[in-house]
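J.: According to Swiss-Prot, the protein carries these features:
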- C91: active site, nucleophile (ACT_SITE)
- H198: active site (ACT_SITE)
- E200: active site (ACT_SITE)
- 8-221: domain 'Glutamine amidotransferase type-1' (DOMAIN)
Amino acid sequence: MTDVADVNVGIIRFPGTNCDRDIEYAVNLVGANSHYIYWNETDLSQMDVVIIPGGFSYGDYLRAGSIAGITPIIDAIKDFAKKENPVLGICNGAQILGEIDLVPGVFIENENAKFICKSKKLKVNTTRTPFTKLYKKNEVIDLPIAHKEGRYYTDNLETLYDNNQIVLTFEDGNPNGSLDNITGVCNVDGNVVAVMPHPERAVEKLLRSEDGLKFFKSFLD
């Protein structure tokens with residue numbers, strides 16, 4: 001078990017990020033240290049984990065995550081991931097990870113072209129990532145979603161199954177038209193995870209569900 005007091009989590013902030021404080025709360029709740037890292041910084045050497053929050057980086061102009069994907073911090077995130085360090089992108093963070101090719105596929109506009117905000121039942125398809133290893137395989141969890149561009153698509157679906165890269169799928173109906181109900185994927189190595197649902201909004205029973213807490217406890221295990 002890692003000494004949580006020694007774990008430093010970098011929370012990336014872009015103009016338009018708005019879920020950073022929720023993630024800070026979740027990280028601190030499990031006892032790790034949270035640090036805000038801004039879009040124009042280039043050093044992640046003191047971090048053990050990087051989390052890219054949700055929000056609307058740069059107003060989601062052009063395409064969700066596209067402008068954030070060319071900022072100075074991106075090369076540092078790529079280098080961090082290349083060393084097999086844990087990287088988690090949530091909602092807009094997941095879109096950014098798709099934009100910079102750290103995970104396969106893309107998250108595009110919902111089939112109904114509307115913003116969807118609701119709680120969903122999700123299946124944990126793999127426990128091999130740093131963020132899901134405390135769950136049971138095929139465990140069903142309750143997490144909120146809140147997005148307009150959350151429909152997952154890839155040309156390489158068979159490869160995802162072959163490599164065990166599907167992290168989360170919708171279990172109680174597909175709200176946005178995602179391919180094969182997919183709402184979370186990882187890279188081949190499993191250290192980079194992109195999920196559209198918000199685990200940081202489900203860390204206490206007061207918030208309806210605490211099913212997201214293991215996302216943050218897992219990287220400490």
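A Cβ is built for glycine as well, from the same backbone N, Cα and C atoms used for every other residue.
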J.: In whole Å, how far does the CA atom of H198 (active site) lie from that of the residue listed as 'active site, nucleophile'?
T.: 7
J.: Using C-alpha atoms only, work out the spacing between E200 (active site) and C91 (active site, nucleophile) and round it to an integer in Å.
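T.: Here the two Cα atoms are 11 Å apart.
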J.: Can you name the residues of this chain that are 6 or more positions from C91 (active site, nucleophile) yet have a C-beta less than 8 Å from its C-beta?
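T.: Residues satisfying the criterion: C19, P53, G54, G55, A146, H147, G150, V195, M196, P197, H198.
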J.: Cβ atoms within 10 Å, counted per site: which of H198, E200 has the most, among these active-site residues?
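T.: That would be E200, with the most Cβ atoms nearby.
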J.: Quick one: what's DSSP say for H198 (active site), helix, strand or coil?
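T.: The three-state answer is coil.
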J.: Restricting to the domain 'Glutamine amidotransferase type-1' (8-221), what is the model's mean pLDDT?
T.: 97
